[in-house]
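Trainee: Reproduced below are the annotations present in TrEMBL:
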DOMAIN    B:66-272  domain 'ABC transmembrane type-1'
TRANSMEM  B:21-46  transmembrane segment
TRANSMEM  B:66-89  transmembrane segment
TRANSMEM  B:101-128  transmembrane segment
TRANSMEM  B:140-162  transmembrane segment
TRANSMEM  B:202-228  transmembrane segment
TRANSMEM  B:248-272  transmembrane segment
Amino acid sequence: MKIRLDNVVKTFDTFRAVRGVSLEVASGELVALLGPSGSGKTTILRMIAGLEYADGGAIYFDAEDATAISVRDRGVGFVFQHYALFPHMTVAENIAFGMKVSKVKRSKTAIATRVSELLQLVQLEGLADRFPTQISGGQRQRVALARALAVDPKVLLLDEPFGALDAAVRRDLRLWLREIQEQLGITTLFVTHDQEEALDLADRVVILNDGVIVQEGSPQDVTRRPNSAFVTRFLGDTNRLFGRVAGGRAEIDGQAIAAPGLADGAAEIYVRPGDLDWSRSGEGMAATVTRVIDRPDSRRVLARLANGDAVELDVSPETDVARGDAGFLHIRRASVFAAPR
Amino acid sequence: MSASPSGKPSRVGDTPLVRRTLITLVLLVGAVLVLAPLIVIFAQAFSLGVGAFAATIAEPDTRHAIMLTVIVALIAVPVNTAFGLAAAWAVTKFDFPGKRLLIVIIEIPFSISPVVAGVAYLFVYGLQGVFGPALADANIQILFALPGIVLASMFVTAPFVARELIPLMQAQGRDLEEAATSLGASGWRTFWSVTLPNIRWALLYGVVLCNARVMGEFGAVSVVSGNIRGQTNTLPLHIELLYHDYQTAGAFAAASILTVLALVTIVAKVLLERQGAGRRSRVSVAAPVLLAEGQRP
């Protein structure tokens, strides 16, 4: 099932949550809607589900205009942020609910068979008779997914699917969800504010800010070629330095960075901590180390430039560096944007 | 950290002196204010012997008062339960202008003296009231009859069910209903199989409180009923009447009946709650067994 949003608008009271979003999701694609809170990503998801009606624009499922179809008849599987499992029903009853209330009548044995199939799919055989309060957060998440999949939805929508879980469980579930999605080939959209999650999981990432799409593309596209300062900053740690562009090149402390197509004038140069090299001597920006943070796979060096700006860089764990050391920073890669006026 | 002589550090406000004083105080007040009067009622009711007690209850006016009280409760409680559910649903699941006003209106009967409510009904439905002449022309009697008593009781108890449900339904949010609808359930189905099971204990508690108050309501009913013995006297009004007639044993006997009615509702509530709580614990205990059965082909 292909989904197409055509200039969709949603306003709550006076707050314009979504302002003219157009988006296409190909059949079987796994797409992440990524953005800070208040960027309208959940509202878009809820409009696709039919839990919220669009004030303007249209939503198409394949060729069919789904804008006015009620959530009940839209045939979407929705997984809620806090799972919304029915607390008075067992795991099996939760999963069976959609089939029981469906307009398509199924026999009791057919429902029971499907429930045990789904329990197997989400690897929860044996928990059928537990209540939601008696299982862990990760297990609840999987029950919620099984419940949504039980009615054979054409589209799977997940709202912050891993938001309430701890880091280790989150990573496992991510890989697992990717596997299930590939196995079923179901068109899937999920909302997240966690860039790592979006990049890990999605075929395509749609980045939103203030109710509009600011960039969309494969994880590789958006990480390697961010189209704005916002995207650059949102996708991960970055240092902002100030320089000048002249003739398509940005200059900062004697280092030149290609800035094709940029008009001459003040510029912001964004450099990721991993894209800065540290050396005791040589060329580059002079800096003094203020602190070193040790991490399992690297050392994060906090340093101060001659002009007082703080920068952060990652060096290999073997690098010998300590607080108070003076040295030079070399920019290996950077993104340059015109400074906002 | 400083340790007390017993070795365990005491938590804030948890010294033995504070604890013992508080518990004693609460038990004492509970006994003097609540338990003792109840015991007195039953002691006095049977003071002239079981025979006298039975005679008082068998007296036609008393029997009529009991019947009337039960009938009023049978009408007012279901109507107010439906109203409370509807109001709580509207307030917690929808956004509409005047929502805050609705909440305030629901609370009004809590803060207004029941006598005021009675007098207000008098002004609305009485002969000199707004609808009085029209009602008299149509030969419909509201005041000094069952409809007036039911209306006044409903006014006084209107907030009980809604007040129990609103905070709970607010805390639960709309997720469960949205989940049910997205799975294809109709509104009606969602209400019966998702909403109601999750609010049933609060609903039950509201109904019990509402029922107790309907049966015990004095002020408002006293104004609109006209205190006609054997016709419009509810049990609380009848008790007062007997008392003023110096029929002390009779008054206490009637009072004991009213108390029993209240106790029956509370016991019913406790029993129902036990049954509900039992389902979950039973299932969790029985889970391994069910599991083993389920694994057989």
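Backbone N, Cα and C atoms are what each Cβ position is placed from, and that goes for glycine too.
TrEMBL does not curate its annotations; it predicts them automatically.
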Trainee: Determine whether the transmembrane segment (B:140-162) and the transmembrane segment (B:21-46) share at least three Cβ pairs under 8 Å, counting only pairs 6 or more apart in sequence.
Mentor: no
Trainee: Please tell me whether the transmembrane segment (B:21-46) and the transmembrane segment (B:248-272) touch - that is, whether there are at least 3 C-beta pairs under 8 Å between them, with each pair 6 or more apart in sequence.
Mentor: yes
Trainee: Residue list, the transmembrane segment (B:202-228) vs rest of chain: Cβ under 8 Å, 6 or more residues beyond ends.
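Mentor: Those are 69-70, 72-73, 76-77, 80-81, 84-85, 113-115, 117-119, 121-122, 143-144, 148-149, 151-157, 160-165, 168, 196, 234-237, 240-241, 258, 261-262, 265-266, 268-269, 272-273, in sequence order.
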Trainee: Which sequence-distant residues neighbour the transmembrane segment (B:248-272)? Criterion: at least 6 residues beyond either end, Cβ under 8 Å.
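Mentor: For the transmembrane segment (B:248-272), the sequence-distant neighbours (Cβ-Cβ under 8 Å, at least 6 residues beyond its ends) are 38, 41-42, 44-45, 47-48, 52-53, 56-57, 59, 62, 65-66, 69-70, 204-205, 208, 211-212, 215-216, 235-236, 238-240, 242.
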